[in-house]
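One structure below.
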Amino acid sequence: MNKKGFIFDLDGVIVDTAKYHFLAWQKLAKGLDIDFTEEENEQLKGVSRVRSLEKILAWGNKTISQELFNDLMGKKNEEYLNYIAEMDENEILPDVPRVLNTLKENKQPISLGSASKNARTILERVNLMSNFDAIVDGNDVTKAKPDPEVFLIAAKELNIKPEDCIVFEDSVAGVTAANTANMISIGIGSKDVLGHADYIFNDFTEISDDFIKSLIEN
Ligand code: BG6
Ligand code: MG
C-alpha cells in the first residue's frame, strides 16, 4: 500500500473554532475603536496571534507600545480560551471522523499542522488526540503561515517527502504555505477565497472515500 502524508490544519478544518478567533479579535478590535469585516477576517485565518494583531492595528492605523501589544495578545487569548473551555466532540466538523477513519484503515500517516498554540488543548477537548501520528503547532515553529515551515516539519515527523503530502486547509495563508511546500493543497471552504488550492470542497461531506483512496494511489 502506498503511503502519503496527510496533514490537517485545525481551526476551521477539524473544528469550527475559526468563528471563536473571529469573535475574540472583533471584541478586542472594538475596544481599540477598530472595525474589520468578515472579508478582512479571511486574512487573519491561519495567521499567528502576533501577526493577526499587527494586521488589525495596521487596518486601524494604530501604533501601540510593546507592553500594550503583549497585554492585548494575552487578553485575546483569554477571551478565546473562554470560548473553547466548553468544547466537546459535538464541535468536530461533519465527516472529519469518517475521513480520519478511512485514512487509518488505509494505514496512512496523519499529522496536525496548525498555527495555534492552543492546538493540543483543543484536540484533547474533542478527543481526537489519538488519531494523529504527529502534532505540529504554533509552539513548534518560528515562521507563521504562509511560510511552509509548519508543514515541512510535519512531513519530516511523518517521514514522508513533501511532494507526497496532502494538506487540508481553510485559510488563504495555509493554502499558500502548502503550495510553497510543494504539497497537494485541499481547500476547505469557498472557491472565491481558496481559488489557489489544488482541490476545493465546501466541507468534508463532499470528500468521498474514493477521492481519499485516489490521493493515496496517485
Ligand atoms: C490559526 C487560526 O489556526 O491559529 C488563527 O486560524 C490564529 O486565527 C492562529 O490566530 C494562532 O492561534 P492561537 O490559538 O495560538 O492564538
Ligand atoms: Mg484554519
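Note: Cβ is positioned from N, Cα and C throughout, glycine not excepted.
A coil conformation is recorded for D9 (active site, nucleophile) in the three-state DSSP classification, outside any helix or strand. Taken from TrEMBL, the feature active site, nucleophile covers D9.
Shown in sequence order, T17, A18, H21, K45, G46, S114, A115, S116, D170 are the residues of the chain, 6+ apart in sequence, with a C-beta less than 8 angstroms from the C-beta of D11 (active site, proton donor/acceptor). The feature active site, proton donor/acceptor is assigned by TrEMBL to D11.
What TrEMBL lists as substrate binding site is 9-11, W25, 44-49, S52, K76, 114-118, K145. All protein chains shown were included, and the count of other CB atoms within 10 Å of the CB of R49 (substrate binding site) stands at 22.
Among the features that TrEMBL reports, Mg(2+) binding site is placed at D9, D11, E169, D170.
For the recorded site, D170 (Mg(2+) binding site), the DSSP three-state label reads coil. The least crowded of the recorded positions D9, E169, D170, judged by other CB atoms within 10 A of its own CB, is D170. Recorded residues R49 (substrate binding site) and D9 (active site, nucleophile) have their alpha carbons 16 Å apart, per Cα-Cα distance. Residues within less than 8 Å, Cβ to Cβ, of K117 (substrate binding site) and separated from it by at least 6 positions along the same chain comprise R49, D137, G138, N139.
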